[in-house]
Amino acid sequence: MPPINWNTFSGELSFLFVGVGGQGIILASDILAGVGLKLGLDVKKAEIHGMSQRGGSVLSQVRWGAKVFSPIIGKGGGDFMIAFEKLEALRFCDYLKKDARVLLNDGAILPIPVIQGEASYPTNTQIVEALSSITRNVVWVNGTRLAEQLGNPRLTNVILLGALAQWLGLPDEVVLEAITERVPETYLAQNREAYFLGNHLPISQM
Amino acid sequence: MKRLLSGNEAVARGAWEAGAVVGSAYPGTPSTEIMETFALFPGVYAEWATNEKVALDVVVGAAYAGRRAFTAMKHVGLNVAADALFYVSMTGIEAGLVIVSADDPSMHSSQNEQDNRQYARFARIPCLDPSDSQEAYDFMITAFTLSEQFDTPVMLRMTTRVCHTSSPVEVSEERMTVSTERKYPRNPGKYIMVPANARRHHAWIEDRMIKISRFSETFSGNRVEMRSAHLGIITGGIAYQYAREVFPEASILKLGMVYPLPVEMIRNFANSVEKLIVLEELDPFIEEQVRLMGVEVFGSRPTEYPANKSIFPVVGELDPFVVFHSAVAAGLLPRSQGDEVRWKEEKREIRFVDIPDRPPVLCPGCPHRGAFYVLHKLGLPVNGDIGCYTLGMTSPLNAMDTCGCMGASVGVAHGAAVAGDAERHVAVMGDSTFFHTGMPALLNVAYNQSDVLTIIMDNRVTGMTGHQDNPGTGKTLQGKETVAVEIEPIVQAMGITRVKTVKGYDVKEIERTIKGWLKMKGPAVLITREECALLPSARKRWIPLRVIPGLCNGCTLCFRVGCPAISQSPEMDPVHQRPLAQIDPLLCTGCEICAQICPRNAILLRSQVEMETSGDEYAPH
């Protein structure tokens, strides 16, 4: 994909954030919605609260455009997926367009049927192979491990945002401003560090 | 200035700017954040009520007293509050009264799917149906004006998608003046609904609806967007967004007020287009009325069950994909248009692998787990209720047989008992549910002396909706210290003498108590008390436990508590060749339920882990 000029961008982009309750998905999608607004775009961000938080699958959707109508993407409508959990990338891949781009965090949270030994968790090779019928634009990020190295596993979300910003060529100052608006001041320095860590990852496919 | 607000935040903001001074609600997804947000504004009184019916009575009281007030509840909350809805429609009000009803199409977090626009027609009140956060904000302010203009409560009908979608909102930052000067307006002829007054009022409210129907013809929230005359779409609420997304060329009659309908506007619109369809989520609420007007709607209605819709599904939430494919099936849109591939149904062979389900589960450290483990083990019939503990139904606990609505557990168990079911029924509900509707049901058990064993799982908070305070927590919605109502004396005052409180994590004591009570007749109440493990105060006590590899022999017993923190490790027991257990230190809270169940004491207790970290030797217990 050629680099986007964000000063003149007037197209539409739809992002899917998927993972498991408690991974910081809602915050990450909030920040990305804020980025869209700062870029002068119309923005909608849709999510589901409640029962799905209790260890269940979580899906948050962000749409950018000159004018956004539907807050939800619908099957086959997504341009980007940011998967905090590998299995969830497969679960929601029907929502992606052909050749959509997928940022895959190499982290697994085992669902109960797997813990019980009733089902097995797919390998990374199986996951990429399964996704390949829809897209080969898959980039792995070791967000969880990098966040642990920073001393706080909860920073995974901002590391992934950093990687996404790199992939999209977003201006750092805009993303950092959106982060500043949504993160408590005491955690700001950590989050900046996490953002740049993700933003400077050497990812060959980008 | 434009702010990114969720629909719920926008409603709260609109209420505040409209000068609402009282808000009362019971938490319920997807409505909860409305009152939580309203409570933060200056110069307002906002509370968690014990249930939705109480909440509606409270705001009716405020509106009778001449103050703008509102309540917000999930769709099924209005079932609880329906009694109040109907009398306040009959009386009218002194100051604006708005009832926010948040429907949950597709039941993301609900027990049933219902279209609460029907309540507006049923109770003869106007209904506004916003399609994004801006309209949620605008319509909330409009709702108060309409309420006073027509002397009626007004329903603002939200749906999960509008509640939990954030979009830019232009807000005014200013609040309308709040009147504080008035004496209580006495008007018994208007506000006492004895038959003589009520008969007069029924005629009056029917007339009121005719007036509002006339008003709706010029209401700015109802508008025509003329594009191609080939297809016209009547739509409202979130469905408007799908109409714009999927039918960019079509002309649209966008209804902000979905009850009562603007008859002339609809007729004129129908006459200006070649083909007319109605696009709405859930019931054919608008479609039926449009057909009743004698206006021709494209698509034949199913003859077997004419209450169904002709083109779009009556079940579940709509989205652009569903709308597109329904339109294609009805012949309204071509399957593909040039390069347009959105929502194209492709045969996708992605199932090289099975994708394991990820059902919601009781969290690691959930204090409800102990009692459900025991109930599963004893194999008793369990009548459940609405809350986190409904997840006691999930595998491997499988410890629930029924769950209907708030407070149903005890009544349903009582019914089975008096019907002569030979098995002892256990009713299970949480602390907040006990205060909501559990109390009258338990009083019925006490009064009629059935053999129901009730477990009140008191985790000191309203959990499922995201940690709201309730009468047991000692705090109000606005953070004031208050009385922490005790459950035990309430139960005792009902005349139930067999009442015991056990710690939620004490599996052995829970089992001993239930087993003992099974031999006795009459009502019994067991209160299992333990703070929700996700509360900040409980998080401070988290200590991850550990499996001692030499002692674990892979017997799998600990897997049966259904804790996401315990899984099979890659290591095998050398004797039986079974995978050993392992505990995820990031998930484990140290509740010790697994440790109590382990027959080989292969899981370190908290005290042992603490000793270990302080450098001392430990001995297996």
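First residue shown is number 1, and so on along the chain.
Just so it is clear, glycine is given a Cβ too, placed from its N, Cα and C backbone atoms.
Just so it is clear, the model here is predicted, and its values are computed rather than measured.
Here's what TrEMBL has on this protein:
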{"type": "BINDING", "residues": "B:Cys552, B:Cys555, B:Cys558, B:Cys598", "note": "[4Fe-4S] cluster 1 binding site"}
{"type": "BINDING", "residues": "B:Cys563, B:Cys588, B:Cys591, B:Cys594", "note": "[4Fe-4S] cluster 2 binding site"}
{"type": "DOMAIN", "residues": "B:543-575", "note": "domain '4Fe-4S ferredoxin-type'"}
{"type": "DOMAIN", "residues": "B:579-608", "note": "domain '4Fe-4S ferredoxin-type'"}
Quick test of the contact rule: Cβ under 8 Å, at least six residues beyond the ends. What residues does that give for the domain '4Fe-4S ferredoxin-type' (B:579-608)? 364-367, 369-370, 373, 505, 507-508, 533, 538-539, 541-549, 551-561, 563-573, 618, 620-621
Please report the Cα separation of B:Cys563 ([4Fe-4S] cluster 2 binding site) and B:Cys552 ([4Fe-4S] cluster 1 binding site) in Å, rounded to an integer. 17
With the [4Fe-4S] cluster 2 site defined by B:Cys563, B:Cys588, B:Cys591, B:Cys594, which remaining residues of that chain have Cβ atoms positioned within 8 Å of the Cβ centroid? B:Pro364, B:Gly365, B:Arg369, B:Leu545, B:Val561, B:Ala565, B:Ile566, B:Ile583, B:Thr589, B:Gly590, B:Glu592, B:Ile593, B:Ala595
Counting Cβ neighbours within 10 Å across all chains shown, tell me which of the binding-site residues B:Cys555, B:Cys563, B:Cys598 comes out on top. B:Cys563
Other CB atoms, at most 10 A from the CB of B:Cys591 ([4Fe-4S] cluster 2 binding site): 28
Given the binding-site residues B:Cys552, B:Cys555, B:Cys558, which one's Cα is the least distant from that of B:Cys594 ([4Fe-4S] cluster 2 binding site)? B:Cys558
Helix, strand and coil counts within the domain '4Fe-4S ferredoxin-type' (B:543-575) (DSSP): 5 helix, 8 strand, 20 coil
DSSP says B:Cys594 ([4Fe-4S] cluster 2 binding site), in three-state terms, is helix
Need one number: mean pLDDT over the domain '4Fe-4S ferredoxin-type' (B:543-575). 92
List every residue in the same chain as B:Cys588 ([4Fe-4S] cluster 2 binding site), at least 6 positions away in sequence, whose Cβ is under 8 Å from its Cβ. B:Pro364, B:Gly365, B:Trp542, B:Pro544, B:Leu545, B:Ala565
Cα-to-Cα gap, B:Cys591 ([4Fe-4S] cluster 2 binding site) vs B:Cys552 ([4Fe-4S] cluster 1 binding site), nearest whole Å: 19
